[in-house]
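Novice: Among the features that Swiss-Prot reports, region 'E2-like domain' is placed at 1-159. According to Swiss-Prot, the feature active site, for E2-like domain maps to 84. The region 'Linker domain' annotation in Swiss-Prot covers 160-305, and the record cites a curator's inference as its basis. As annotated by Swiss-Prot, region 'Adenylation plus E1-like domain' applies to 306-543. Residues or ranges marked as active site, for E1-like domain by Swiss-Prot on the basis of a curator's inference: 450, 453.
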């Protein structure tokens, strides 16, 4: 069926339900007017339905007249009448059934509208709070929990001032420089308060326009927090500030508002010796708080798990595995919140490395550890990344929470096992054969098998990755030009396995200690993920 025919069928189906085609929107969607009638209701409300001509997107449904009996703020209904009846991304529209899908959306919208009219779903106001709290953006880069007065940096982006609240000006300034923002010497008086109550808008008198409105609203949520807010506003007034920014930390979200002091009015009132609290009439401006702290950036995609924030981790080898792996570790919080990520590699990036390395042509002939640290600092300015461009056998790594061997070199891996015995946890990650499989082994205590143990077991045919011998494939010419060929996708597989096991480690999951991911589908997996014992022949574990 053609797109035009499908649209015609949908419009005809809506026509049978009392809707009329009235034209197109500026972006080409089809507009229909009719009435949205809740189930078991006698009459409906005038509404507009906008249909995506491709039927990939949910129909937009907007009430043309908001019932006067509804409160100022209700769940799922915007100030312009826009109705949120389904969360985008929660359903997939069947583009081959446009009539059925579009009518189902209309029916769902009618059900939600009916619940709104019945005063149901009020609890959803807390989840939708930011839909009712529009304002100037303020960015928060705070890792500590300290309350009270905070530092606020004012920066310019394309001539527009932006506010950045921070507990570490150097760290935040680095982030702003990476964005190309110009840091000014201006500041805004800022206070941080905490509440145990989730915010939700009032169903009347919304949005708040004065300090009195804010305090009345907060009284319904947390009277103790209301008192703290009022104290900070009056403190700013005593400090002769032009305004004050109040940031409120609630259990699941951070929000705020700015208070603008009317100095001329205050002077006039002081002349009249007006002893009433003049702060209640001050104008307020809602602030949309955007978190940019490193803890949040790492935790956002893993809300119920620990991240690598605060850990001291070293990655030995910044080559085809270590480059991708270190990138993933930083995204998981490595090097942040007091932690440190150390990269060790004495080698330089050569042209033959670029095809399967995280770094690229601009880093040609650069030391891999230094170039990788520079790249990670560009991506995560708040992270502490240390580069050691030396042979790891001559490096002083200090006390570590986790040592990762990403070199893929057996002899060096054995040396690391002997030089960094338990209780230092060690993770070895490597690629077997020409990208046949990727493997990783975690050792957290003395009774665990080490990388050398696995070498002895493999010689006896135990704990191997595949049932057949590993293919011996080399490419290149001459002794110095030979190499094992495999694409960058194999390196990413290995790095992903290493990142997965690192996150398991920080969350207290140490088993299975040996994990294998088969890449070559022509081969058969020999050893399922398991916990190999110490090998009786290992000189490191039996000395």
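From the backbone N, Cα and C atoms, a Cβ is placed for every residue, glycine too.
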Novice: A 10 Å Cβ contact count, applied to the active-site residues 84, 450, 453: which residue has the minimum?
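Specialist: With the active-site residues 84, 450, 453, fewest surrounding Cβ atoms within 10 Å: 84.
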Novice: Measuring Cα to Cα, how many angstrom lie between residue 450 (active site, for E1-like domain) and residue 84 (active site, for E2-like domain)?
Specialist: 55
Novice: What does the structure give for the C-alpha distance between residue 453 (active site, for E1-like domain) and the residue listed as 'active site, for E2-like domain'? Integer Å is fine.
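Specialist: Pair distance, Cα basis, whole Å: 59 Å.
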Novice: Tell me the residue counts in helix, strand and coil for the region 'Linker domain' (160-305), as DSSP assigns them.
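Specialist: The composition, in the requested order, is 57 helix, 38 strand, 51 coil.
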Novice: If you average the pLDDT over the region 'E2-like domain' (1-159), what number do you get?
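Specialist: Taking every residue in the region 'E2-like domain' (1-159) and averaging pLDDT yields 81.
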Novice: For the residue listed as 'active site, for E2-like domain', which DSSP three-state class applies?
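Specialist: Note: the residue listed as 'active site, for E2-like domain' is coil by DSSP, not helix or strand.
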